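Each remark here refers to the structure printed beneath this line.
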Amino acid sequence: MEIPPSGDTPLTPLFKTRCRDFRDDPPKGDFPLRKKSPKLCGSNYPLSIAFIVVNEFCERFSYYGMRAVLTLYFLSFFHWDENLSTAVYHAFSALCYFTPVIGAIMADSWLGKYKTIIYLSIVYVVGHLIKSVGAIPSLGNQAVHVVLSMVGLFLIALGTGGIKPCVSAFGGDQFEEEHTSERSKFFSIFYLSINAGSLISTFVTPVLRGDVKCFGEDCYALAFGVPAALMVLALVVFIAGSGLYRKTPPQGNVLLEVCKCIGFAIKNRLKNRSREIPKRDHWLDWASEKYSKQLIGEVKMVTRVLFLFIPLPMFWALFDQQGSRWTLQATKMNADFGIYVLQPDQMQFLNPLLILVFIPIFDLGLYPLIDMCKFNFTPIRKMATGMILAGLAFGLAAIIEIKINETDMPQLVPEESLIRVLNLAKNPVQVTIQEKDLFQQPVETFQNPAEYSKLILNGEQQSLRFTLQHQGLTLAFNYTVKEKSVYSLIVFEAEGSLSSRLITDLEAKPENGLAAVRFINGLSQDVNLTIDSRKFIAVQKNYSPSEYSLLERDRYNNGKCITETGEFPLELGLLDFGASYTIVITNISGGAVKTWKSEDIKANNVHMAWQLPQYLLISAGEVMFSITGLAFSYSQSPASMKSVLQAGWLLTVAVGNTFVLIVAEAAPMAQWAEFVLFTVLLFAVCIIFSIMGYFYVSVDPEDLEEKEEKRETSSRGNMIGLVTQKTKL
């Protein structure tokens, strides 16, 4: 969940700081800012804020709803691997936090907040529509879908990032100067609308994706279409309130001025490297030839805080993996909660829910209790504690990943395959493979093998002789076995004689928690099987196998088996999460089809509820890290520099997502090892941040400004004295 970085946090002091920005530099001239807006029900709340709050709810619903299903969309719809899906997801997230800088510059230097919100919301809507159209399977080929989706995501990132720094500030503009308490309460309502949109969308959108079927598969077009409709509604609602808004004109972007000041200072210092030129107290003083002492002093204050921001991206690198790596982990777990089966991407709703629970608990319970214990729980210590909690969350994720891997198929290497024997004959069979020491004991009839046996080859493929001993008879069969493949040797009786088939099995678990099933027809006639209303399978006679079919986890007891002699009920029982099954049709008796089911790959046996502790830890870490960090950084900078710190904070999120992108693509490793890597990195960064915080001295920006003015006055006095002295000489 997003702790809004544009000043829209639930901390009242922070709101008051932001609101001072709106009062410090009132625009000159006759602008709509001074227009009196109608009030809500006789209160001091402008009617216009109702449109802004509804707009924000719909926009956040559209963004988080779309993003919740994005990773599984890449994995299932594009059939990308997990690393590529993760990399593109975080590239999109990073772009969403780079583009607010563009939106802020547009609003402050060119269009103003109102027009910036309108124009970029239109871009936002177009992006959603293109993204939804790109998810229609029948529209073009894979390349068309990828191009449409990438264009849509780029426009969405430009839209959502561009309006991010504008909407909350525009809401603050609607209040008259004397209504500061109402303005502060508005930001709390605004923050609530963000979390309500996030909470509802992350729960509902995965349901639209997984529980609704369209075009014969998961309905991604609907899962993206509903957020698109909400964004259209957000734009319509915002425009509907146009006549009620107080609109401020562009007043110039302080971020650009800060960047120009820093750039000039560096350039000027490099030009004046001679030892004959006197040194200056601070490297930013080299900008004094062009910029005012007040601006330089304020930039100095900001750079002190921005220096503390350097380690912060690592926290966001872990935090934003809830929508990528943690969602992928959930696809490999058991999601049955008894009364409800969760979609793997639905687990993300825990974060906004827990944030809303934790904020009052921490502010009204935990922090006062710590104060009562006389422990100086400074903002730096709170942020470091948040980092530790996030690291512990990833440590738990690594442990869970190791447990999940226990049901995975073994990783195959060159010149190696896996094999097992399914004895469908009436008596035990002794199987011997040429020059291989496998299957020491006879294979019992209809015995479900506990596991596959490893078969070592002498090349990429090898022709092997399989010898079967059955009731005193010995039969031999030759089969070619390829490396890095998985096989089942089916032994059966046909026309009074023993025979066999070597068939290929799945090499890995089915993706996204689906169940895989195939059929072997042991009847002497072809059959047509109906699993449910959408799945039809034809299987030839005499122990011919069907292809694997992927099904949702469910109990399938209403199937049908159609043969030449009639139609018979077919019961398959439970096909569980992530399992692979071979179902043998043995005979028809008593008006029903008799089957035997073998579990080829074990079902997911780690329950999704085990992810709850890691969500608890990382959500608690977010409250301590993000809210505290914003409040602390804002308290350490002058009022005129709040937007610069806002941009710096957003860029830490962007850099953190970029780091995940690099790790996913440049250094692929086992998932549990990657979780451990991020845990170690965050703990290391936490130590560095704690050391930086130890030497950081908290200040009041107003005190710094007074000291700077005194130093400047003193400097002027010294300069006057020097000039006088030279005159006397």
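Cβ from N, Cα, C; glycine included.
Database features, via TrEMBL:
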type	residues	note
TRANSMEM	86-105	transmembrane segment
TRANSMEM	117-137	transmembrane segment
TRANSMEM	143-167	transmembrane segment
TRANSMEM	188-208	transmembrane segment
TRANSMEM	220-245	transmembrane segment
TRANSMEM	301-319	transmembrane segment
TRANSMEM	349-370	transmembrane segment
TRANSMEM	382-400	transmembrane segment
TRANSMEM	612-632	transmembrane segment
TRANSMEM	644-663	transmembrane segment
TRANSMEM	675-697	transmembrane segment
Sequence-remote partners of the transmembrane segment (188-208) [C-beta within less than 8 Å, at least six residues beyond its ends]: 1-2, 4, 8-10, 12, 15, 49, 52-54, 56-62, 64-66, 68-69, 168, 171, 219, 222-223, 226-227, 230, 343-346, 348-349, 351-353, 355-356
CB contact flag for the transmembrane segment (86-105) and the transmembrane segment (143-167), at least three pairs under 8 A: yes
Proximity of the transmembrane segment (220-245) to the transmembrane segment (612-632), 3+ C-beta pairs under 8 angstroms: no
Residues from the same chain, set at least six apart from the ends of the transmembrane segment (349-370), whose C-beta lies under 8 A from its own: 1, 3, 10, 195, 198-199, 202-203, 322, 377, 612, 615-616, 618-620, 622-624, 627
Contact call for the transmembrane segment (612-632) and the transmembrane segment (301-319): at least 3 Cβ pairs under 8 Å, seq gap 6+: yes
Distant-in-sequence neighbours of the transmembrane segment (382-400), which means Cβ under 8 A and at least six residues beyond its ends: 314-315, 318-319, 325-326, 329, 606, 610-611, 613-615, 617-618, 620-626, 628-629, 632, 672-673, 675-676, 678-679, 682-683, 685-686, 689-690, 693
Proximity of the transmembrane segment (301-319) to the transmembrane segment (644-663), 3+ C-beta pairs under 8 angstroms: yes
Long-range neighbours of the transmembrane segment (143-167), counting only residues six or more past its ends (CB under 8 A): 5-6, 52, 55-56, 59, 63, 66, 73, 77-78, 92, 95-100, 102-104, 106-107, 113, 116-117, 120-121, 123-135, 137, 643, 646-647, 650
Long-range neighbours of the transmembrane segment (675-697), counting only residues six or more past its ends (CB under 8 A): 304, 307-308, 310-312, 314-315, 317-318, 321, 325, 378, 380-381, 383-384, 387-388, 390-392, 394-395, 397-398, 401, 663, 669
Long-range environment of the transmembrane segment (117-137) - Cβ separation under 8 angstroms, sequence gap at least 6: 59, 62, 66, 73, 77, 103, 106, 111, 144-149, 151-160, 162-163, 166-167, 170, 215-217, 220-221, 223-225, 227-228, 231-232, 234-235, 238-239
